Amino acid sequence: MDQKKIFNPKIWLTLFAVAHTFAFALWALMAGFATDAEVVEWLIEDGLPTDQIIVDEMRSAMFFLGVMAISIVPPFIGTAFLLKGRPQAIMTLVCGGTMTMMWLLSIYGDVVVEGGGFSADYLLGAIFAGSILYSGYLHLEDEGHIAD
């Protein structure tokens with residue numbers, strides 16, 4: 001099978017949008033609707049204080065994270081289905097660059113800011129970011145402007 005078929009921007013952008021939505025964005029958004037008791041349970045598991053202000057801030061932060069996570073999906077879907085050819089390839093590179101930056105900042109936040117360790121979960125971000133970037137690069141010479 002040809003590399004251009006395997007690394008079709010439409011496929012990789014759609015795969016990321018679906019995986020990101022169902023594996024992360026909806027989870028983060030719904031965590032913002034968690035009850036106080038559920039948030040307190042999470043805080044106790046992590047050995048953190050359970051003051052009401054912390055519970056409220058945790059719910060607010062999770063909801064905001066969910067909204068931000070969902071907001072990245074439309075540009076990925078729009079690039080996949082509304083463009084073709086070189087414009088799609090350029091926007092795929094932009095989406096891949098955004099994905100790479102999100103991935104790096106996520107790792108930085110987990111490891112440096114929170115003091116966590118590296119995990120195999122980070123590989124999924126590298127696979128998606130690399131595949132999206134590579135698919136955009138492979139199709140830079142394609143003809144076309146707007147999807148039919």
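Cβ from N, Cα, C; glycine included.
In TrEMBL, annotation is done automatically, which means it is predicted and not curated.
With a cut-off of 8 Å between Cβ atoms, the residues of this chain six or more beyond the transmembrane segment (61-83) that come close are 9-10, 13-14, 16-17, 20-21, 24-34, 91-92, 94-95, 98, 102, 145-147. The transmembrane segment annotation in TrEMBL covers 61-83 (among others).
For 90-108 (among others), the entry in TrEMBL reads transmembrane segment.
For 120-140 (among others), the entry in TrEMBL reads transmembrane segment. Outside the transmembrane segment (120-140) by six or more residues, the chain places 3-4, 7-9, 11-13, 15-16, 19, 85-86, 88-93, 95-97, 99-100, 102-103, 106-107 with a CB less than 8 A from a CB of the stretch.
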